[in-house]
Amino acid sequence: MSRRRLIIHTPPYFWIFLPFLLVLISLVGAIGDEEKRFYIAYLGDHHPAGNTNSADQMHIHLLTSLKGCYDDAKESLVYSYTKSFNAFAAKLTADEAEKLSRMEEVLSVIPNRYHKLHTTKSWDFIGLPLTARRKLRMESDIIVGLFDTGITPQSESFKDDGFGPPPAKWKGSTCGQFAKFSGCNNKIIGARYFKSDAKPDPADILSPVDVDGHGTHTSSTLAGNLVTNASLFGLANGTARGAVPSARVAMYKVCWASSGCADMDILAAFDAAIHDGVDVISISIGGGSPDYISDSISVGAFHAMQKGILTVASAGNDGILGSVVNDAPWILTVAASGIDREFRSKVHLGNGKNILGLGVSTFNPKQELYPLISGADAARDSASKEDARFCVEDTLDPIKVKDRLVYCKLGTWGTDSVVRGIGGVGTIVETDRFLDAAQIFMAPATMVNGTIGEFIDDYIHSTRSPSAVIYKTHERKKEPAPFVASFSSRGPSPGSQRLLKPDIAAPGVDILAAYTLMKSLTGLKGDTQFSEFSIMSGTSMACPHVAGVAAYVKSFHPNWTPAAIKSAILTTAKPMSRRVNNEAEFAFGSGQVSPTRAVSPGLVYDMDEQTYIQFLCHEGYNASSVATLAGSKSVNCPKLLPGIGYDALNYPTMQLSLKNNQQQTTSVFRRRVTNVGPALAIYNATIKAPKGVQITVKPESLSFSHVLQIRSFKVVVKAKPMSSGQMVSGSLVWKSSRHIVRSPIVIYSPQKISTHIQNQQAKMQ
Ligand SMILES: *[C@@H]1O[C@H](CO)[C@@H](O)[C@H](O)[C@H]1NC(C)=O
Ligand SMILES: *[C@@H]1O[C@H](CO)[C@@H](O)[C@H](O)[C@H]1NC(C)=O
Ligand SMILES: *[C@@H]1O[C@H](CO)[C@@H](O)[C@H](O)[C@H]1NC(C)=O
Ligand SMILES: *[C@@H]1O[C@H](CO)[C@@H](O)[C@H](O)[C@H]1NC(C)=O
Ligand SMILES: *[C@@H]1O[C@H](CO)[C@@H](O)[C@H](O)[C@H]1NC(C)=O
C-alpha cells in the first residue's frame, strides 16, 4: 500500500520521528491480505432519488455481481458514500478492481492511499482585532467543519457558556459519548471519527478525542472561544481566540496516530460534513496525487463546492518549488507566513560570550554553568565520530555525556531526548535549516546556525574545560515581518500550469492555540511538559486562519458562493513583494490575508460548477474523468470549449506559462466581475507589468449601476521568451472611490526537469 502524505501539515522536523511508527504499521498492515487492497469506486448520478438505502443496495449488488456471492460482497464493502455523493470503498484484488472499473455503472476505481498530517497574536497582526465589527447572531449560525486528529472537549476554547442550541440547519446526529470523549456541547456540535481500514492503532483511541493536539490546535485557531491569560508556560501570553469565536465546530476525525489519514475516510468525512450542513471545511492534511480526479481531497472538495461549501486546505510543508499540494481551483490553498515574534534562548559560554539560539525551552538552569562537550567527542566505542556528531540514538557514551550540555548537529529530530535519556543536561543543536520556526524541546536546548555552531565548536576545542548554560526562552519582536516560512510549499502548481497556487499566505509560524493534555508538548520519550496551550508551526496552522476568515466573511454574506468568498479573500489580500520572498507569488499567492477588508471586496470573480468543468476539459481531462468529479455521466466536453480564454476560468489571479520557444507569447484572459459593493460605482484599471511583458486590459473602466451587475473584460498578456525556470509578476488593480480589487499576474517559463516530483516521493512527508 503506498503511503500518501496525509500527515498533518506541520513542518518537517515535527515528523522526522513519525516515519518509524508509519513504517511499523505499514509492515503490520502488509501481513495477511497481501493481494487485497482498499479501492474507492465512484458511481454516476449521485443521489439515487435521495434514497440512501437503495444506494447501499446498489453497492452490494455491484460487488455481488463482481464476487459472485452476496456474503463475499458484504464482507468486502468497507464504506458506502450515500449522503452527498454516490461511491463506495471496498477491499479487492487488483483483478477485481480492474473488472469493477469496466462495469457500466462505475465511473472510476481509485486505490485508497494514506495521507500524512502535515495566540494569539496572529489575529492582531493580520488586522482582526478583538474589537472588529461582527455580526454575532449570524456568526453563531456558522458551522465550521475540520478534518483532523480529533478535538479536546474539556478545553476552555470549546466551552459553550452563552451558546444557544445548534443552528436549525445542522443535520448532524448529536454526538454521543465515546472512549475518553465526554460528548458534544453547544460549541462543539459535531464530533465523529472515521476509520474504515479496521487496523488497530494502539497509539490512538477509537473516538473523536484528540490524542495528538493538532486537531485541537487548528479548531481553536479557527473558532475557539476567547481565553484570557493563555500561554505556554508564560510564553506568548495573552488572550487566545479563533477567527469566529461565536461559530460552532464540527470535528471529523480522519487522521490516526500511526496510519495517517486514508482517502476512504476523508471521503466519508466529506460525505458526512456536506450532509450535516457545515459552512466551511478546513483541511490541514497533505495532498495526494497531483491530478484532480484521484485525490480524495480534490474530489471531496468538488462535491462540497457543488453544495455551496468552501474547502480551505494547507499548501504543504515541502518548502521547495513545485511542491504545493491541495491545488485544485475549487480549493483555497494556504501558504504559511511568519509574524513579528520569535522565541529565543540566551546561551552563555564559559568564555563570557553570549549567543542567541532559537526554539522553546521552558527550563530555568539550576547551575551557573554546565560542562560542555561536542557529540563528536562523546562517541561511544562502537560508534563513529561522524554519527555521534549528530547525537543519534546509541552513538553517545553515557559516561562522557553525564551532567553535560552536548553540542550536536541536526540529523533526526529528538536529540534533546536522546541526550537527556542518557543523563545529559541539554543540547545545543546546529542547523542551517528550519530556523524560522521555534521548535519546542523536552529538555534545555536551543538551535543555532552554522556560523554560530562553528564558533561554539571552536570554543569547545580552545579550552580544557568548556562550559555553557542555556537560559529559559523569552519572546521578542522579529523583523522583518511578515515573511514566508521556509517550509511553506511553493508553486508552480503541479496540477495546472494555468493556475497560480498557493492562493494566499496566513500566519503559520509559532502559533499559540489550544492543545491536548493527553500528549506531552513534544511527544518525545521522557517529556514531562503538559500544557492546555502550545505553540505549533506549519501550513496546518495557516489553513485554519484562512478558513476562519472565510467563515467570518460568510457571517456577513451568507448567500455568497464558495468562489465569491474566495475571490473576496484573494483580491483584498495585503500585497507582499519579492523583497519579502524571492519566489514571490509562488510562495505567497496574492499576499497576506486581510480579514476585515475581505468582508467588503467591492467586486468578486464568481464561478460555478460549469466553470470548473469547462476548465477541466480545457486542461485535457476527458469526459469520463470529469464525470467522476461531477458525479454525473452527462458531461460533454467539446461543446463547452470555444471562446473561454487562456485558462477557461474566472479566477481572481492569473498565471501564464510560456512555451519553451523563441517567439513572443500572446494570451488572453477572460474575466467577469460581479458588483457586491454600492450600486453606483466606477472602477478604473491600473496595470503593473514586469520587464519584458506587456499587459493591457479592455475596457479600462467598468461602470456599474446596480448591485450584482456583472461586467466582462479581457486581459491581454504579451511576453518575450524567458529562460527556463524564470518567473516574473505584475498585477491588475480595479479601483473605485471605495474599493481596491487586486489580482496578481504571474508569467513563468516552466522548468524542464521535474525533479521535485521525485524528491517528493522519496521524502517521507
Ligand atoms: C496567568 O497564567 C499564569 C501561568 O499559567 C499563572 O501563573 C497566573 O496566575 C495567571 N494569571 C491570572 C490573572 O490568572
Ligand atoms: C504577559 O506576561 C507579562 C509578564 O507576566 C506581562 O507583563 C504582560 O502584560 C502579559 N501580556 C499579556 C498580553 O497579558
Ligand atoms: C547566524 O545567526 C547570527 C545571530 O543570530 C546572525 O547574525 C548571522 O547572520 C547568522 N548567520 C547565517 C549564515 O545565517
Ligand atoms: C480518460 O482519462 C483517464 C485518465 O487519464 C484514462 O484512464 C481513461 O482511459 C480515459 N478515458 C477515455 C474514454 O479516453
Ligand atoms: C476613473 O477614470 C475617470 C476618467 O479618467 C476619472 O474621471 C475618474 O475620476 C477615475 N475614477 C477613479 C476612482 O479613479
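Cβ from N, Cα, C; glycine included.
No curator has checked TrEMBL annotations; they are predicted automatically.
In the three-state DSSP scheme, ASP148 (active site, charge relay system) falls into the strand class. Taken from TrEMBL, the feature active site, charge relay system covers ASP148 (among others).
Following the DSSP three-state reduction, the secondary structure of HIS214 (active site, charge relay system) is helix. The annotation active site, charge relay system is assigned in TrEMBL to HIS214 (among others).
Per TrEMBL, active site, charge relay system is recorded for SER540 (among others). In the three-state DSSP scheme, SER540 (active site, charge relay system) is classed as helix.
Residues or ranges marked as domain 'Inhibitor I9' by TrEMBL: 39-118.
Per TrEMBL, domain 'Peptidase S8/S53' is recorded for 140-591.
A mean pLDDT of 96 is what the model gives for the domain 'Subtilisin-like protease fibronectin type-III' (649-747). Residues or ranges marked as domain 'Subtilisin-like protease fibronectin type-III' in TrEMBL: 649-747.
Look at TrEMBL and you will find 12-32 tagged as transmembrane segment.
Mapped onto DSSP helix, strand and coil, the domain 'Inhibitor I9' (39-118) counts 31 helix, 26 strand, 23 coil. Helix, strand and coil counts under DSSP for the domain 'Subtilisin-like protease fibronectin type-III' (649-747) come to 0 helix, 60 strand, 39 coil. Distance between Cα atoms for HIS214 (active site, charge relay system) and SER540 (active site, charge relay system): 8 Å, as a whole number.
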